[in-house]
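What follows is a set of notes on a single structure, which appears directly below.
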Amino acid sequence: MITLYILGAASTVLTLLGFFVPARVTRWLATGSVAASIVYLFFTWGQRQTAFGGLYVVDPISQGFTLVALLGVLWALLVGRSEKWEFSLLLLYAATGMHFMASSPNLPVLLIALEVFSLPLYVLATWRRDEPGFEAGLKYFLLGALSAAIFLYGIALHFGATGSFNAGVQGSGPLYAAALLLILGALAFKVSLVPFHWWTPDVYQGSPTTVSLMMATAVKAAGFAALVRVLNVQDQGLWGLGLGALIALTVIFGNLGALAQRESKRLLAYSSIAHAGYVGLGLYSGTGTAAIGFYLLAYLLSTGLAFAVLAAISQGDVPYERLRGLLYRKPLLGVAMGVGLLSLAGLPPFAGFWGKLLVFLEAAKAQQWGLLVLALLTSAVAAYYYLRLFNLVVARGEATEAAIPAPGAGTPVLAGQSAGGLSLATGRLAAWPLVIASALVVLLGILPGLGYRLFSPTPFAALSRPASTAPATLPATFAITSPSDGAELRAGEFSLQGTGRAGETLEVWDSGSRIAEVRVDERGGWSLVLPSLPGVGEHTYQVRRPGEGEGPSVRVRIVE
Amino acid sequence: MQETVLLPLIILLPLLGFAVLGLWGRRLPEPVPGVVASALVLGSLLLGLVLLGQGGARWAVEDWIPGVPLSFVLDNLSGLMVMVVAGVGFLIHVYAIGYMHSDPGFSRFFSYFNLFIAAMLVLVLGDSLPVVFIGWEGVGLASYLLIGFWYTERVNADSARKAFIVNRIGDLGFLLGMGVLWAHFGTLSISELRELIAPEGEFAVGINVAAVSLAAFLLFIGAIGKSAQVPLMVWLPDAMAGPTPVSALIHAATMVTAGVYLLCRNSFLYFDLPDVSFWVVLIGMLTALYGALCAFGQTDIKRIVAYSTLSQLGYMFVAAGVGAYWVAMFHVLTHAFFKALLFMSSGAVIHALGGEQDVRKMGGMWNYLPQTRIHGLVGALALGGLPLLSGFWSKDAILAASYEYSALLWFVMLITAALTALYSMRWFVLVFMGKYRGHEHPHESPAVMTWPNHVLTLGSLFAGFVGLPYVVQSENLLEPWLNKAIVHHEHEKLPVLDEWALILVSAVVALGALYYGYRFFQAEAAGRLPAWFTRFQEASLRSFYADDVYNALLVRPLKSLAKILFDADGGLLGGFWWLGSATGNLGALLARLETGYLRFYAAGLLIAAVLLVLVGVIR
Amino acid sequence: MDALLHVGLFLPLLAGIALLIWPSLGRRLAVAASGVTFLIAAWLFARASGEAYTFQALLLEPIQMYYALRLDGVGLVLWLAVALTTLLAVFIAKVPTRMLGWALLMESGLLGIFAADDLILFYVFFEATLIPSLLMLGLYGGRERLKAAYTFALFTLAGSLPMLAALFAVRYLGGAPSFLYSDLAAHPVSGSVADWVFLGFLVAFAVKTPLFPLHAWLPSFHAENHPSGLADAMGTLYKVGLFAFFKWAIPLAPEGFAQFQGLLLVVAAFSAIYAAWLAFAAKDWKRLLAYGGVSHMGLGALGLFSGNAEGVTGALFLLAASMVYTGGLFLVVGRIAERTETLEIGPVRGIAKSAPALSVLTMFLVMAMIGLPGLSGFPGEFMALLGAWKISPWLTFIAFTAVIAAAAYALTAYQALFQEEQNRVVSDLTPREWAFAVAIVAGVVLAGVYPKMFTQMIHPLSEALAKLLGGGA
């Protein structure tokens, strides 16, 4: 709640204050408030809160995704600076919108939040005030409007089908499916899932690099936060196929398209499309929030590194050749770029690897083998283009400095470089984020648990609380709650549901053979769509703890 | 039979010599490395004799590799080989002290020599086939090193390499043979195998004869390679590139007889397998004949002797093939004496002529080399089978055994014996008779080279008396002694009259051929030969084109194919790259969808939304 | 003991990072670190009691992923081989100091591969090792290094990603509660899933064995690497495919293995003979050794895929032994290249005259490579043959014609460089090289003369695998 207050208040106050104080002060204040929000987030981590009659919810989703989004904004604030005070302010507006987006289960509120953070972005996209900049801004704006319309239509249908504006309300029927998919499409636009991705390469390339950085990181976090809520629907049949198609198209198009690029920012645009596809894999299992969160964090750090390095070189285009030998000319930039690229490629021991691993695991849990294999194959393709950049970065000097249109002989690359009124942070200020992010990428690569825990339902349980006070309120036992014992059921028309200790894994047995494994969710419940249709007759479903021979069971009769 | 760690010591002595001389030999003044090496071999010999006198010995490390022990056994069979290897080896070592005098690689030479002896001793003492194989390949390595001793000459290096590679073909047979035995009997220890396969002097009940046959056949291929039998005989004549003592040691006394030894050691596989034995006989017979024919055309003094070695090895294989294993070993023994003698006499001649090896530039040595002439004469006569000399007795035993097997075989072997007598006379006449045709100043060798030859001469004269035919001595020394260690069929002896007749025939043939050869090749020395014989010699000189055939049919096609494949492999990588660039092109195609036109994007977005909804609704 | 395990595993990593940051620390640090690592490996080896050294700590609780190490007999033997070769490599190779740092990083990765007992941890080490290897090639390689680096990286990654799918499948379709080896092995997958799982593993490990046709990256990898041979030696250590088949692919999907066994045997046999043949046409030493290595791994693979105890033991022994002698040969070739300024076979001849000890050392390692009995190449090759013959005599015959070819290509190349008319005078072994020679000769002879020391560590595990496959000993 305080996060929202800080961000909201800072936005409002700075809008007025900006007229009177220098741009520098505005920037510092904006940065400060975002940082303060992050600090506050940490202090209240794991605490749940509801406000405005349920329109605003602070829960793990809200906290995790807000953290990623705010970090993205913070980074953009640190790296890019403008003599115009509106720049920082716009970023602050966006941050507010993103936080709300991550913290509301209410569809109309989500739409408003979406617009709140989109509008500043439309403006920021044009910040360079040149032809490509305007083009980018216009495209983003018009297509964004279109997607908002789709969103709105989806909300209408959703209300029609369920009578509720709340995301995650269960429903059925074609109307409901259409609603879900329309909302999915609109959000897919924000996170750049193919075929809603059209704007991405053009806008990333046309926008100032700092802004692209934020689009690639913070916007995705906000978008996926909403997707996680919207798709929290038991019946995967409604949206599974649609999402699957999007993901398949996304990983193919993103990765193959990236192969053809010759300009770094555009490449990262395609890469961000591809990564959106991978994140999408985490949506299937219903337990993937933490994995998605971790992925986005890892992606934020890695792609942030890449964008920040590009931003240090130029706010405009950076053809590949300009990266040649970067490691020797600017060791810090070279190392940061190298770490970022390897992490993006998903090589251990960098954070990007664990992100991929975790979302892939979720897909595996949900038995999405086809998508998984496709994602893996395209990852191999992805390795190629990341390694191409990587090789350039470490290539020993065939191309000389002369190949690079340096702003002046002897001028360090990190030095201020004006581009459409947007200058760059210089010296240490820009270097520290690089160092910290690189270190975090490596740290999370070695100890992924640190990051993963952040997004778990009880993030600091193991750290801050003694083990004895572990949630005793949750059921210590486990059981099957549905169907009831002795019920007569039709094959394919029921699923098994039950309770257990949050986070634990249970095995489900059918008449003595193990058929599946379920994971108890944060609320202490689990459900299982039977992997294959049971035959007609008596079935005894039993749930066991792994390694134990017995457990509660129900006997049901399956009829024609 | 005792368990004793002294047994491996027999091997370790020369191995020690190899290591010490190899590392520090160059710092020692000239005769020292030779003396040390010889002394170590002598030590091995004496130790072997002592242990043999105590009734043999064994020594083993279990599970050297899983299921296979590192085991050695000294019984009568391996004892005989130890005597030959270390005994004759010792003499050759001593001889080499003189022969290798002032060679820059003096100590290196003796280091290799000791390595060879050590490997050979491993080969003969091994009681487990993989251990035998260590020696088997070890002698291959040593001979490779020794043949290529003067490696700066390309032809020497080529010959060494050829020897190693051709031997490896046989070795593959050996390896696979072990594979068969392992698969079917689960052990590779020779004594265990013998217990399993032929416990009571005949095949055990229910034994898989097909597997035994296959194993026997594959091991036989190994023997073919090592003993330079047809068709793997091509390496031996080329191996004459090494220094002469090498030729004597490797290609006469010891290494090439390893194949024969292998057959005898594993006689329990062969003795009751007529099919496989038939092949042994056939190969042996062909080799005997082929070697003899090739010997006629050679102009290199050592190559004549080398081809005679081929031929004599053929005799030994025939003996083993017909089941007379002790006779094969008997011939190994006598052959070791007279063939080493022939090689070392040749060496003495070469030494006398300052390195000349071409018999056409020799002649008349009778007048120059008063001691070597005796050695050469005795060696040639023993090889030619002059009655009462050692070669006569062992060859006669082989002929008698072949007669029992088949009269036709006997006849071919008899013809070969006649040829042998002829070419041994050719060798002798061209080298020692007539006038000297060269321009050097021949001089007799030093005592260190002649004394070993004296000993070998004695051996060539009298070694045959340990294995006299039963009509002469009802129970000779060698047969019962060896048969303790060899599985074989007991069979009826030939009737006395037949035996005498055979002895007589072979004596007459040998005498006749020796005399005729002595007369005939005086003509060659004088350059007056019938035209048909000259043509025959040309073909014989080129070994009846065996090398050319192998080059045309095998070596060159394989080499060209290797080149083609090498390029194709580059193409394979290219193929993978093609796959990569195809993916890249597909990507470029997809990337062109990003046209930049807003209307296109908007349409795409809407169509996508509609399709998505349709998917959801229609599902 | 646990502490030693971790120290051994991460000491090279730390030393490597230190070297990358402060290259002035120099070779001494690299030698010291890898030396200590070797001592640790040797100590653990000597103190081995039949029980594996193990350690477990939960690394990522929600997915039940452990930092789990298990150093059993096979792992110890391979640790020893890796540690020895790395020590020798950093000791002898003349390279920029930072490159030594990368080599040390790689050593940690390799040790991790052999010690990991959690499938994800294994994957992490397996993949992470790629980075230093890639960087050594990309930073210090020859003219075509970038292309070679792509090829290498893409083969590796394209191989590993199907493995990742297999890794998920083996847990979630097999129903294991964690990624620990013991859990996974207790819940093997079956049916067509097993086929797919095995296939996933197969692609990854075939690249790293390497087996035809996935060996295609290897020749250019070696040909383009730094001429010193350091990277090649480390690359040789990275050929961990056989081990990975043994430890993971086969036990986790035995049914899948059974499905593919026939095909694999054929591929292994073909790799052996095909690569040996190609080696004969190679015009430079590195390609020759590269193909020779493929050929030998083909023989090893034949033993491993035969699935019986002796074949498996042979394969693993061969793997460990070939790490040392092939690595050693690469290093020696590097020293020769430094003297003659070329890796080509042909232009320089007859150098044995001026460098006899060098020629003997090379000959020794060549003989080890072509499997001369009494040296370390033989026991493995031989056991592989014994095992393979039981399964398929014909394939064994075909594959093992490679031993003939090996003699042909190795001795031909040796002859060309060392023998015949001398046309270049080079210096003989330096004291440092003598030390190298003594160490490697000792290792190779020890393993060749007394293989029992190593086979007794490996064999019980091979027997367990054979039992799992139902083949028995």
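Numbering starts at 1 and runs along the chain as displayed.
Placed from the backbone N, Cα and C atoms, the Cβ positions cover glycine too.
Taken verbatim from TrEMBL:
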type     : residues  : note
TRANSMEM : B:6-24    : transmembrane segment
TRANSMEM : B:36-57   : transmembrane segment
DOMAIN   : B:68-110  : domain 'NADH-Ubiquinone oxidoreductase (complex I) chain 5 N-terminal'
TRANSMEM : B:109-126 : transmembrane segment
DOMAIN   : B:128-420 : domain 'NADH:quinone oxidoreductase/Mrp antiporter transmembrane'
TRANSMEM : B:132-151 : transmembrane segment
TRANSMEM : B:172-191 : transmembrane segment
TRANSMEM : B:246-264 : transmembrane segment
TRANSMEM : B:304-326 : transmembrane segment
TRANSMEM : B:374-393 : transmembrane segment
TRANSMEM : B:405-433 : transmembrane segment
TRANSMEM : B:454-472 : transmembrane segment
TRANSMEM : B:500-518 : transmembrane segment
TRANSMEM : B:600-618 : transmembrane segment
What else in the chain is close to the transmembrane segment (B:405-433), if you only count residues 6 or more beyond its ends and a Cβ gap under 8 Å? 281, 285, 288-289, 292-293, 295-296, 301, 304-305, 307-308, 311-312, 314-315, 318, 321-323, 342, 346, 349, 359-360, 362-366, 369, 373, 376-377, 380-381, 383-385, 395, 398-399, 502, 505-506, 509-510, 512-514, 516-518, 520-522, 524-525
Below 8 angstroms Cβ to Cβ, which residues of this chain, lying six or more residues outside the transmembrane segment (B:454-472), approach it? 88, 91, 326-327, 330, 333-334, 336-338, 340-341, 344, 371, 374-375, 378-379, 382, 388-394, 396-397, 400, 478-479, 493, 496, 499-500, 503
So what's near the transmembrane segment (B:109-126) in sequence-distant terms, Cβ-Cβ under 8 Å and 6+ beyond its ends? 7, 10-18, 21-22, 25, 33-34, 36-37, 40-41, 44, 71-74, 78, 81-82, 85-86, 89, 92-93, 96, 100, 103, 132-139, 141-143, 145-146, 149, 190, 243, 245, 249-250, 254-255, 258, 261
The transmembrane segment (B:132-151) and the transmembrane segment (B:246-264) contact flag, 3+ Cβ pairs under 8 angstroms: yes
Among the ranges B:6-24, B:172-191, B:246-264, B:500-518, B:600-618, the one whose Cβ pairs under 8 Å to the transmembrane segment (B:374-393) are most numerous: B:500-518
Helix, strand and coil totals (DSSP H, G, I; E, B; other) for the domain 'NADH-Ubiquinone oxidoreductase (complex I) chain 5 N-terminal' (B:68-110): 29 helix, 7 strand, 7 coil
Checking distant contacts: for the transmembrane segment (B:6-24), what same-chain residues at least six beyond its ends satisfy Cβ-Cβ under 8 A? 33, 36-37, 40-41, 43-44, 47-48, 51, 57-59, 72, 74, 82, 86, 107-108, 110-112, 114-115, 117-118, 121-122, 125
Intrachain neighbours beyond the transmembrane segment (B:600-618), with Cβ under 8 angstroms and 6 or more residues off its ends: 593
Mean per-residue pLDDT in the domain 'NADH-Ubiquinone oxidoreductase (complex I) chain 5 N-terminal' (B:68-110) works out to 90
